[in-house]
Amino acid sequence: MSLAPGAGLADSGAMPIPIIIDGHAIEAPPGASLIQAWISAGLPLTENVGCMGQGVCGACRVLVRREGERIATAALACETRAEAGMQVAFIDHFPARRPHAYDLAAMGDSWTALGQVDAVFPEAKHCRHCGGCDAACPKGIEVQKAVTLAVEGRALAAGALFDHCVMCNLCVAACPEHIAPAHLGQFLRRMANSLTLRPGDLIERIRQIEDGSQAIDLDSPGAAP
Amino acid sequence: MIAWDQALAAPRDPAPPLPSDRDALLRGFHPDHAPGAMERLRVGVSAGQPCPAALADLLQSNALVEDVDIAGRAMREAEVLVLGGGGAGCIAALTAARDGARVLLVTKLRMGDGNTVMAEGGIQAAVGAEDSLQRHYEDTLRAGHFRADKALVAAMVRDGPASIRWLIQQGMGFDLEEGEDRIGGHLLRKKPGGATAARLLSFRDYTGLELMRVIREAVLLTPGITVLERHPVVELLTDPHGRCAGAVLLELGRREIVLARAGAVVLATGGAGRLHLNGFPTSNHYGATADGLVLAYRLGAGLREVESFQYHPTGIAWPPHLAGTLISEAARAAGGLLFNGLGQRFVDELAPRDVVAAAILREIAEGRAAAREGCEGVLLDTPGLEAANPGILAKRLVTLSHLAHRAGFDPAREPFLIRPTLHYQNGGIAIDAEGRTAVPGLFCAGEASGGLHGLNRLMGNALLELVAFGRRAGAAAVEAARGDRPRGVGLTHLAAWERGLVAAGLPLDRRAPMVFPPYGNVDLAAMLRQRVAA
């Protein structure tokens, strides 16, 4: 038995699906994701792969053009199933480098926090409203709206729009103004949590641990069968 | 087995399941106990320990490189070298860099492409007024069948609340109870299977994603950390006294060997799901191939409980293109019930994971499973959960709803067909409370390490472990790295290892680490040979 993900698909008896990935004309097992189609064709997989199906790591970015369509759209290869006539190109990742530097620990004064948005991400106010980021996002996030809200100072509302962002950085690649929307989103979310999330039960328990009233008895009766 | 249409039509009886003898259930149906699943290690410091055969083959294999391969190669220098770019590795790197060390973090995929980002359920910390560190400690030991190391468990549990505070300081969010304030409000707490209190803290049902994206951003913005992606480690380096002093890396882009020398090494290479033990599908990421275990063991680090793996009860059984993909325990923690093909409950859904998984495998083995297009499993009753808690699927189980959508059905109307999936390596490299292994200069954190979970891990203790021990190992590595720069660095440990293999009658031509699963169509040994020949 083959242990390859999606290996069972080939046994269904249905016709294989012809697609082209990165110039390789291959036959995908019916139902296979694009990543599964790639490995089932015997092609080597060493990069642009991570969680391999959960759609949560953002590694397997592809451009996909379906038969009869003019425009290619961005997608995640692990979440997209092969369709006859698809043309697919993996979008490689370049080494991570962050030009938008900030230090959360140095943001002691929350009155200055909103001003930091413009200081760290000055490009955001130059948004051309071209919609490229929205078109690029494989998760359907309203990226451009979030950038607009951030510029208006609505930090929490803007950050909330990035709630399920997987940091695939497709919006970063798409933005002609180098706004780096996904990282702007992370900045807003991290700032909000580090400055305003103070759970009372957590704080009380930490106080108890520090004053010694939560000692652990390593050899209590409950620590043995 | 029962056909899918019949299983759907069978009235589901919510009556509690009959109690069953847990020990007999585990012995009879848990994959760790399958006949022939284990063999005894024959070479190395843990010789005699039971180990799954597929893992033993890797542990008892020869190195991919020898002296001639590393001669004259470029050498990178760091004070602390971190192997692995998942949660544990990134947190160790952050901690070490903030303590003033020059850090090199290397990873074979990209930073963040690991199991951490895939964690859905949450992270345990005993913050409830009715809860205590003592209860968390005892719950963890009991769920692990009392095989975990007490001092390690106590250290992890004690670090729990402070770890949550640390994560919030890095910018991570946590769900609060409905209507609670951001300042002074109470955290939303769920009860993990096998625990005695509601102790699971979460962010939606993608806690690991929230954690990983925050930590990755912090690493990228912290001066003093150099990140090398697509650089798998293929061997560790030692000094003439046997101290770990760096690693041999393969730069995949140029297919070139690169060396990294460091005063201390933190191994955070994660688990082994892609070994597909006993033929099971896995919920793990593509790179979970036990590389760190193989390398540390070859250097003399002891292993513990490597015979114990967690099969998560609720992996996707149908459709086949998603087989093995995880459905979070959050669905059961929120009240989701399991039914066999006859519409009967057959296990307490919130029993420890090993018990629930074994019970599902029993239903399959004894013909009470449901079958859909040839895929066998049991029903996770999401329609019943939605009926009892209207709106829960859309609001709190976002990932689950998304998964159902990708599978092509509406979870509010149709149940999932599920069966256990290989999920977590319960044991691993033996460490102390500072993350030290038996090898000087070599530290370990996260899923690669052993001793925290005994023979079965509680939901939410994996994320807690990687935060608590990522920080501990990172700090301890900085201390160990203060001292002379390592000299005479090389592969001196391999001669004794090869002698050991020969003495045990084991082949010398079986090579590891695996780095990529066989279906990745990569012959790493050939790639290395080709490089050396060129």
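Note that the numbers count up from 1, one per residue, in the order the chain is shown.
Keep in mind that glycine also has a Cβ here, set from the backbone N, Cα and C atoms.
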*region 'Disordered' range according to TrEMBL, out of B:1-22, B:309-330, B:375-396*: B:1-22
_Residue distribution over DSSP helix, strand and coil in the region 'Disordered' (B:1-22)_ = 7 helix, 3 strand, 12 coil
*Where does the mean pLDDT land for the domain 'FAD-dependent oxidoreductase 2 FAD-binding' (B:80-463)?*
96
*asked:* Restricting to the chain of B:Arg353 (active site, proton acceptor) and a gap of 6 or more, list residues whose Cβ falls under 8 Å of its Cβ, or answer none.
replied: B:Gly193, B:Gly194, B:Gln310, B:Tyr311, B:His312, B:Pro313, B:Glu329, B:His423, B:Asn456, B:Arg457, B:Met459
*Secondary-structure category, per DSSP, in which B:Arg353 (active site, proton acceptor) falls*: helix
